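K.L.:
The following block contains the structure, expressed as structure tokens.
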Amino acid sequence: MVFRKPPDGGWGWVIVVVSFFTQFLCYGSPLAVGVLYLEWLDAFGEGKGKTAWVGSLANGIGLLASPVCSICVQSFGARPVAIFSGFMVAGGLMMSSFAPNIYFLYVSYGIVVGLGCGLLYTATVTITCQYFDKRRGLALGLISTGSSVGLFIYAALQRELIELYGLDGCLLIVGALSLNILACGSLMRPLESSHSPPPEKTCVDKVPDQYFVYHEKEKTVEENISILEKGYIDEKCVNNVPDCKQDSILNKNVLSSINVNDKDTYKKKVVEQTNFCKQLAKRKWQLYLTYWKETMVLFKNKVFSALFVAILLFDIGGFPPSLLMEDVARSANINEDDYYMPLISIIGIMTTVGKLILGILADFKWVNTLYLYVITLLMTGVALFAIPFAKSYLTLAMLSGILGFLTGNWSIFPYVTTKTVGIEKLTHAYGILMFFAGLGNSLGPPIVGWFYDWTQEYDTAFYFSGFCVLLGGFLLLLAALPCWNTCTNQSSKLPPNTYSYKVASNA
């Protein structure tokens with residue numbers, strides 16, 4: 001597919017709007033799962049760590065499958081993937097309303113809904129980056145606020161629906177609302193050049209004509225079959241020399257036993273299908289090798305390597321508050337009369353503000369987006385260390401707002417990735433990074449829940465979370481320091497196709 005220059009407007013703003021609502025509808029319930037988490041604790045009577053797996057899988061499984069999601073978007077396009085994923089999210093939410101136990105929720109809510117969200121996230125980010133260049137930071141900030149607004153609204157909506165219709169009715173209604181993703185996905189028109197060649201109709205057309213022997217020249221059927229027999233016998237001789245003559249005789253006997261009237265047609269089909277399968281297998285293997293070679297090149301970049309460690313540690317420590325903050329308040333015996341607004345809603349609205357502000361800052365030329373991202377990591381670690389000292393609703397609300405604002409750094413993460421590896425490597429690199437982010441999302445809440453089950457308090461858990469985030473921030477800061485580029489230039493030149501943050505930023 002050949003893309004023209006990003007228009008930075010026009011239909012791109014329609015893409016921003018539908019991507020916003022797509023993330024709003026798909027991520028609203030999984031991000032506000034803290035409300036459902038309390039209900040599941042009471043309904044199934046399982047431990048906090050075991051129950052936390054439901055929400056962590058819903059938010060992590062899609063990111064773990066990011067390489068697969070990227071391949072799906074590359075192969076089929078953003079629009080078909082978005083429509084298909086809408087059915088997954090809606091179906092998973094509705095199935096969860098019939099869950100008899102916590103293990104059923106692992107599949108229906110955790111895997112099905114989570115994988116659908118991962119596909120939708122990859123589709124919206126990819127198509128937005130295709131439509132925007134100069135305003136990419138603003139566009140990514142706008143669409144990423146959809147999930148934050150969804151967190152803010154769904155936290156209150158799900159609580160109200162639970163009071164009116166119960167947990168099962170809440171999940172059915174939320175699943176029905178998610179069907180609107182189908183309408184949003186249908187508007188994700190791909191950005192293609194007007195002079196691009198028409199799509200190929202069949203898989204057979206993708207194989208060069210030189211591999212279809214009987215179409216290349218006016219050869220007789222006997223010549224075509226002799227070529228096929230020669231290739232077949234040569235391959236067998238390489239693997240097993242004593243069987244060469246026996247296989248050759250057997251092959252000729254099979255061909256001679258076919259009806260004379262159908263012999264020509266049969267032989268032509270054998271030639272075509274055999275050569276097509278060989279060439280297709282060869283091409284798939286080459287694509288596989290190319291993918292892993294490009295992956296190794298990416299990891300030779302020290303900034304990219306530090307980035308995947310930072311995102312892993314950030315999600316292990318930074319994601320649990322959005323899932324467990326309501327239970328933290330309940331464990332602190334906070335009076336319900338002082339509970340003016342759900343803490344999850346505060347996190348959601350401040351994440352929206354953070355994504356917008358950080359996205360706008362990323363568009364300024366004087367702002368180094370990598371250092372901006374590092375600052376958000378370090379401040380998040382400090383805020384997590386402060387949670388054990390918060391014993392009132394006001395202090396928890398303030399920390400929730402700070403953590404929500406800093407979590408808005410998700411809006412600049414695709415921007416940082418693009419500047420690090422380039423737009424041509426964005427889908428590949430972003431899929432790898434999201435895999436590690438999903439691993440952190442999946443492990444973070446259960447680890448915090450297990451800490452509570454062992455110690456019967458959250459203090460140790462959030463000390464651990466703060467340490468993880470600070471460690472990731474310092475590692476990324478060390479990798480991005482300019483002195484490393486100076487040392488590298490003095491020692492040796494960069495190998496071909498190896499990217500550095502400094503080079504990519506100036507691109």
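For all residues, glycine too, the Cβ spot is worked out from N, Cα and C.
For reference, TrEMBL lists these features for the protein:
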TRANSMEM  12-40  transmembrane segment
TRANSMEM  52-73  transmembrane segment
TRANSMEM  80-98  transmembrane segment
TRANSMEM  104-125  transmembrane segment
TRANSMEM  137-156  transmembrane segment
TRANSMEM  162-183  transmembrane segment
TRANSMEM  303-319  transmembrane segment
TRANSMEM  339-358  transmembrane segment
TRANSMEM  370-390  transmembrane segment
TRANSMEM  396-417  transmembrane segment
TRANSMEM  429-452  transmembrane segment
TRANSMEM  464-484  transmembrane segment
K.L.:
Answer yes if the transmembrane segment (104-125) and the transmembrane segment (52-73) have at least three CB pairs under 8 Å among residue pairs 6 or more apart in sequence, and no otherwise.
P.N.:
yes
K.L.:
Report, as numbers and ranges, which residues of the same chain sit near the transmembrane segment (162-183): CB under 8 Å and 6 or more residues beyond its ends.
P.N.:
21-22, 25-26, 28-29, 35-36, 39-40, 43, 82-83, 85-87, 89-94, 96-98, 120, 154
K.L.:
If contact means at least 3 Cβ pairs within less than 8 Å, sequence distance 6 or more, would you call the transmembrane segment (464-484) and the transmembrane segment (303-319) in contact?
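P.N.:
Judged by the Cβ rule, the two regions touch, with the required three close pairs present.
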K.L.:
Go through the chain and flag residues at least 6 beyond the ends of the transmembrane segment (12-40) whose CB is under 8 A from any CB in it; none is fine as an answer.
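P.N.:
Same-chain contacts beyond the flanks: 6, 46, 51-52, 54-55, 58-59, 82, 85-86, 89, 93, 102, 105, 113-114, 116-117, 120-121, 123-124, 127-128, 131-132, 139, 142-151, 153-155, 157-159, 162, 167, 170-171, 174, 177-178, 180-181, 184-185, 187-189, 322-327, 330, 342, 344, 348.
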K.L.:
Three or more CB pairs closer than 8 Å, sequence separation of 6 or more: does that hold for the transmembrane segment (396-417) against the transmembrane segment (52-73)?
P.N.:
no
K.L.:
Count the CB pairs under 8 A between the transmembrane segment (339-358) and each of 52-73, 137-156, 370-390, then give me the winner.
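P.N.:
The stretch with the most contacts is 137-156.
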K.L.:
Could you tell me what the rest of the chain brings near the transmembrane segment (137-156), counting residues at least six beyond its ends with Cβ under 8 Å?
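P.N.:
For the transmembrane segment (137-156), the list is 12, 16, 19-29, 31-32, 34-35, 124-125, 128-129, 131, 174, 322, 342, 344-345, 347-349, 351-352, 354-356, 358-363, 369, 404, 408, 410-412, 414-415.
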